[in-house]
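As written in TrEMBL, here are the features:
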type	residues	note
BINDING	118-131, 154-163	acetyl-CoA binding site
COMPBIAS	198-211	compositional bias 'Polar residues'
COMPBIAS	235-245	compositional bias 'Basic residues'
REGION	197-245	region 'Disordered'
SITE	52	site 'Crucial for catalytic activity'
């Protein structure tokens, strides 16, 4: 989606920077913005809602609070948006073995980081840009995809998570959030310590053994930035809303 101003520049891209980049936007960044960045988020939120058939947008440029938005942009064009934040959820955990079959123990209160909105412009889908956007988020948040919750994920997002991270097994929840069975792997590993027959809950290999890829089109320069000490201090990045290249 093209705008009459340099979207990538708003995220801190240097002049002449070519190729897509991902920038982190938080509440402090919005407050310091002249309104252009809010416009981008507002319009991308509307596009995302229309694409998913939602009655109202999930992403707004008015207020973020403690939530964060990862914005994929190139020049004057916004290519994708990914919104994350923590949510307190009351969910039903999957049964794994007879000793855990007490229904009182199957409901748990958790507060995971959640994917709240994820949209890549239709012209850019199936080009690796969504993978790039999601991978940068995982790197900066220092989290694995199976440790997250997903708010009303679309069929495209579920297919994406299965393809790139081997995630598909999950128990339907009344709140419409998806928490994959692999979320509970560490819990069940401790419960069945010393027992045989335990297998992770991913559709392929355990996502905990898969290092998140930076995605196609990510330069070695950006990889080094993400892997360096200061860039991995995500608390610092949240305060300054520093861009990622």
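In case you wondered, yes, glycine gets a Cβ from its N, Cα and C as well.
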*Between residue 121 (acetyl-CoA binding site) and residue 52 (site 'Crucial for catalytic activity'), what is the CA-CA distance rounded to a whole number of Å?*
12
*Express the distance between the Cα positions of residue 52 (site 'Crucial for catalytic activity') and residue 161 (acetyl-CoA binding site) as a whole number of Å.*
17
